[in-house]
Amino acid sequence: MVTLTFLLSAAYLLSGRVSAAPSSAGSKSCDTVDLGYQCSPATSHLWGQYSPFFSLEDELSVSSKLPKDCRITLVQVLSRHGARYPTSSKSKKYKKLVTAIQANATDFKGKFAFLKTYNYTLGADDLTPFGEQQLVNSGIKFYQRYKALARSVVPFIRASGSDRVIASGEKFIEGFQQAKLADPGATNRAAPAISVIIPESETFNNTLDHGVCTKFEASQLGDEVAANFTALFAPDIRARAEKHLPGVTLTDEDVVSLMDMCSFDTVARTSDASQLSPFCQLFTHNEWKKYNYLQSLGKYYGYGAGNPLGPAQGIGFTNELIARLTRSPVQDHTSTNSTLVSNPATFPLNATMYVDFSHDNSMVSIFFALGLYNGTEPLSRTSVESAKELDGYSASWVVPFGARAYFETMQCKSEKEPLVRALINDRVVPLHGCDVDKLGRCKLNDFVKGLSWARSGGNWGECFS
């Protein structure tokens, strides 16, 4: 274990990285505080993890409202960063593909005509302006939803040590504080700060970013399953594209790259992502369903229950959540950082609002470690299954850009013991492993008992065998 190198975010505040400038959150028609991204939903809600957050409140089987006889006593948020440019390696790959098409095509027919003059200008890794605004909106929504607590509380905030994750936390704070300052009923107007930034390293335990489980990191299962499914649906698209781009020879992987560009180009074009990229019109609605399922397969067999060590990557966070909900020391020997979780300054147990910022892959592992998708049958490797058929699981429903999970404890007049509830992107996910009620909740002690797999360390020992 390397020496502790967490950063107190006071330094970030002093350096001016957290902007206090007013924002026009919610004023754009495509992306709003309440509903998220709602433009071209037949396409944009099928971009897998590259979909911008959209509210699943209309997909509820039970109400997400707080029962009248209950009050929220604690809330934990786990958030993905906002919309970003492609990763550095993929940005280079996409640019190379566009350049090759332009160099080899003798004609650009039909909907592919735009490629003749398309100029690849996407950056790499960082949030787009739209992605920044997503997190401002998320901070506003969080304050509004939990106003009864937030008026008098300063949330404790952590972030994994990636620039886009840290920036997402800062933008969330901007939105949260904007909403608080606009609330005449707020009694504690102190601004939150990112109190802990956990380094991302193969040698540093980090519950918000996988990396230390050697056997898991070497696994190629998710990529293999995704490649096999791509081989089932991409050839027809490839043939059509080559017909419209004579002189060009594409691979199945190139087809997926062109589909990826639909989202990445859209979220980078304007600050509100209101202009749908011309890449999007190259594919049919049915093809977008297959693309969305491809991404769901990759996450399930890469980081979820489809990978023997997938859920194990979420054990550490699960045990941190248990500690926070029960106000007791962390009991874990997997990916938690013992130096951090044993220090009240870096892991307090007396807060009532916690906010953590992470990545999509780690969030998938965490959700499966928590058993939230225990009702999801193993995904078919050959045929598309909908989110409803998979008990609410799909990449776009679970980990879109700006995804957020709320874990609540509530005290109700009809119950002596606190109740626990989980919401993912505004959809109540009924708990598993405990005596769940009609509102998807379990009593706190029963919920903790139901997490016996994570509490015992699961199969973490296989990481190094």
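Backbone N, Cα and C define each Cβ position, glycine as well.
Residues annotated as signal peptide in Swiss-Prot, with experimental evidence given as evidence: 1-26.
Here CYS30 (disulfide bond) comes close to TYR37, GLN38, CYS39, ASP272, ALA273, SER274: these same-chain residues lie at least six apart in sequence, with C-beta atoms under 8 angstroms from its C-beta. Per Swiss-Prot, the feature disulfide bond maps to CYS30-CYS39 (among others); the stated evidence is experimental evidence.
Marked as 1D-myo-inositol hexakisphosphate binding site by Swiss-Prot: GLN49, TYR50, ARG80, HIS81, ARG84, THR87, ARG164, ASP209, LYS299, HIS359, ASP360. If you draw a 10 Å sphere around the CB of LYS299 (1D-myo-inositol hexakisphosphate binding site), it holds 29 other CB atoms from the protein chains shown. LYS299 (1D-myo-inositol hexakisphosphate binding site) falls within a helix when secondary structure is assigned with DSSP.
Less than 8 angstroms from the CB of CYS412 (disulfide bond) sit PRO67, ASP69, CYS70, ARG71, LEU419, each of them six or more residues away in the same chain. Positions annotated as disulfide bond by Swiss-Prot: CYS70-CYS412 (among others).
The active site, nucleophile feature in Swiss-Prot is assigned to HIS81; the stated evidence is experimental evidence. For HIS81 (active site, nucleophile), applying a Cβ distance below 8 Å and a minimum sequence separation of six or more within one chain yields LEU127, GLY131, LEU135, SER162, ARG164, VAL165, ALA167, SER168, PHE357, SER358, HIS359, PHE401, GLY402. Reduced to three states, the DSSP call for HIS81 (active site, nucleophile) is coil.
Swiss-Prot lists ASN104 (among others) with the feature N-linked glycosylation site, giving experimental evidence as the kind of evidence. Annotation note: ASN104 (N-linked glycosylation site) sits in a helical segment as assigned by DSSP.
A coil conformation is recorded for ASN205 (N-linked glycosylation site) in the three-state DSSP classification, outside any helix or strand. Residues or ranges marked as N-linked glycosylation site by Swiss-Prot: ASN205 (among others).
Under the heading disulfide bond, Swiss-Prot lists CYS213-CYS463 (among others). Annotation note: CYS463 (disulfide bond) sits in a helical segment as assigned by DSSP. Around CYS463 (disulfide bond), taking its Cβ as the centre, 17 other Cβ atoms fall within 10 Å, counting all chains.
Under the three-state DSSP scheme, ASN228 (N-linked glycosylation site) falls in the helix class. If you draw a 10 Å sphere around the CB of ASN228 (N-linked glycosylation site), it holds 12 other CB atoms from the protein chains shown. The annotation N-linked glycosylation site is assigned in Swiss-Prot to ASN228 (among others).
The disulfide bond annotation in Swiss-Prot covers CYS262-CYS280 (among others). Taking a C-beta cut-off of under 8 angstroms and a sequence separation of 6 or more, CYS280 (disulfide bond) has the following same-chain neighbours: SER40, THR43, CYS262, THR266.
Annotation comment: Swiss-Prot describes ASN337 (among others) as N-linked glycosylation site, evidence class experimental evidence. In the structure as shown, the Cβ atom of ASN337 (N-linked glycosylation site) sits within 10 Å of 24 other Cβ atoms.
Listed in sequence order, ARG327 are the same-chain residues six or more apart from ASN350 (N-linked glycosylation site) with CB atoms under 8 A from its CB. Swiss-Prot lists ASN350 (among others) with the feature N-linked glycosylation site, giving experimental evidence as the kind of evidence.
Secondary structure at ASN374 (N-linked glycosylation site), taken from DSSP and collapsed to helix, strand or coil, is coil. Per Swiss-Prot, N-linked glycosylation site is recorded for ASN374 (among others).
DSSP assigns CYS434 (disulfide bond) to coil, not to a helix or a strand. Counting only residues at least six positions away in the same chain, the Cβ atoms of CYS442, LYS443, ASP446, PHE447, LYS449, GLY450 sit under 8 Å from the Cβ of CYS434 (disulfide bond). Residues annotated as disulfide bond in Swiss-Prot, with experimental evidence given as evidence: CYS434-CYS442 (among others).
Secondary structure at CYS412 (disulfide bond), taken from DSSP and collapsed to helix, strand or coil, is strand. Comparing CA positions across the recorded positions ARG80, ARG84, ASN104, the one lying closest to CYS213 (disulfide bond) turns out to be ARG80. Sequence-distant neighbours of ASP360 (1D-myo-inositol hexakisphosphate binding site) (same chain, 6+ apart, CB under 8 A from its CB) are GLN49, ARG80, LYS299, ALA395, VAL399, ALA403. Note on ASN104 (N-linked glycosylation site): other Cβ atoms within 10 Å of its Cβ, all shown chains, come to 12. Minimal Cβ crowding within 10 Å, among the binding-site residues ARG80, ARG84, ARG164, is found at ARG164. For CYS213 (disulfide bond), the Cβ neighbour count at a 10 Å cut-off comes to 21, with all displayed protein chains included.
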